[in-house]
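Under the heading domain 'MARVEL', TrEMBL lists 13-148, 153-297. As annotated by TrEMBL, transmembrane segment applies to 44-66, 78-101, 121-142, 154-177, 192-218, 225-246, 272-291.
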Amino acid sequence: MESTGGPYLNTAAVTSPVGIARLLQVTFGCTTFSLVAHQGGFSAAYGTFCMFVWTFCFAITVFIITCEFTHLHSCLSISWGNFTAAFAMLATLMTVTAAVIYPLYFVQLGCYPIGCEVRDFRIAASVFAGLLFFTYAAEVFLTRAKPGQVTSYMATISGLLKIVQAFVACIIFGALVNDSQYSKYVATQWCVAVYSFCFVVTVVVVAFSVTGKTALLWFPFERSVVVYTFGAVLLYVSAAVIWPVFCFDSKYGSPRRPGLCAKGKCPWDSQLVIAIFTYVNLLLYVVDLAYSQRIRFVSHL
């Protein structure tokens, strides 16, 4: 009998440049967490986070390769192009974070007291963690929207920036809960409200794009996202002014780090991290607003 449905397996899923990058992601990811689990070791929240990143990205990448190789993604009720682009950007951010954290907290040049074998395993794991980051960054580079190309929204600069904005907001939230004393003033509570509102709306935008449900909304999604981005810029401008004043002005806080502040448990350190990433996210939203004027949404790719 002749088949009229085309080939059952999509060999391009593993032979194209993007497919090869994903195969390398699986290889480097598996190697990294295997080295750590076998002999390198990990502990505390930092080590657990790194292991979560490597295993999570490995599992999702295997899922993506399987779905594309077998055409199963056509059975899923999501926008596959938006999903893969969003995940690639998220994995890039997560793996570069793990690639910095693991050697910073677990790698040392000397053998004492962990032993030379454990040290060598940790160094090897750090090398493969760096390679893993580069493979995810390569996928983002290969799948990003080109000028004049019709592509998924999450593959555009604006879509990729949404993932980065949400990731930066998570860093801000982490610093907020680390004894940042944000509840001390109503003004700093306003800043927390700004971070929370922008994070939630950004996640909603990503969720609607990935699920491909933007066309079902009763309002113009594209215009609404641009208006929201403009509003987010204004909100972050207010936070970028208010937070440093109420944390580092001598009238409300301390312009310098207190000498008796314990390392790792100092509110001033958390406030500084929040201030820095507030300006980072403000810049991201400004760039997002500029690029959003030049794109058009495609929700079904």
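Cβ coordinates are placed from backbone N, Cα and C, and glycine is handled just like the others.
Within its own chain, the transmembrane segment (192-218) has Cβ neighbours under 8 Å at 77-79, 82-83, 86, 152-154, 159, 162-163, 165-166, 169-170, 172-173, 176, 182, 225, 228, 232, 235-236, 238-239, 278, 281, 285, 297, 299-300, counting only residues six or more beyond its boundaries. The listed stretches are 44-66, 154-177, 225-246, 272-291; of these, 44-66 has the most Cβ pairs under 8 Å to the transmembrane segment (121-142). Outside the transmembrane segment (78-101) by six or more residues, the chain places 25, 46, 49-50, 53-54, 56-57, 60-61, 64, 67, 126, 129-130, 132-133, 136-137, 139-140, 143-144, 151-155, 159-160, 163-164, 167, 206, 209-212, 299-301 with a CB less than 8 A from a CB of the stretch. When Cβ-Cβ distances below 8 Å are used as the criterion, the transmembrane segment (225-246) is approached by residues 158, 184-185, 187-188, 190-191, 194-195, 197-198, 201-202, 205, 252-253, 271, 274-275, 278-279, 281-282, 285-286, 288-289, 292-293 of the same chain, each at least six residues removed from its ends. For the transmembrane segment (272-291), the list of distant contacts is 156-158, 161-162, 164-165, 168-169, 171-172, 175-176, 180, 191, 195, 198, 226, 229-230, 232-233, 236-237, 239-240, 243-244, 247-248, 257: same-chain residues at least six beyond its ends, Cβ to Cβ under 8 Å. Note: the domain 'MARVEL' (13-148) comprises 113 helix, 0 strand, 23 coil (DSSP; helix = H, G, I, strand = E, B).
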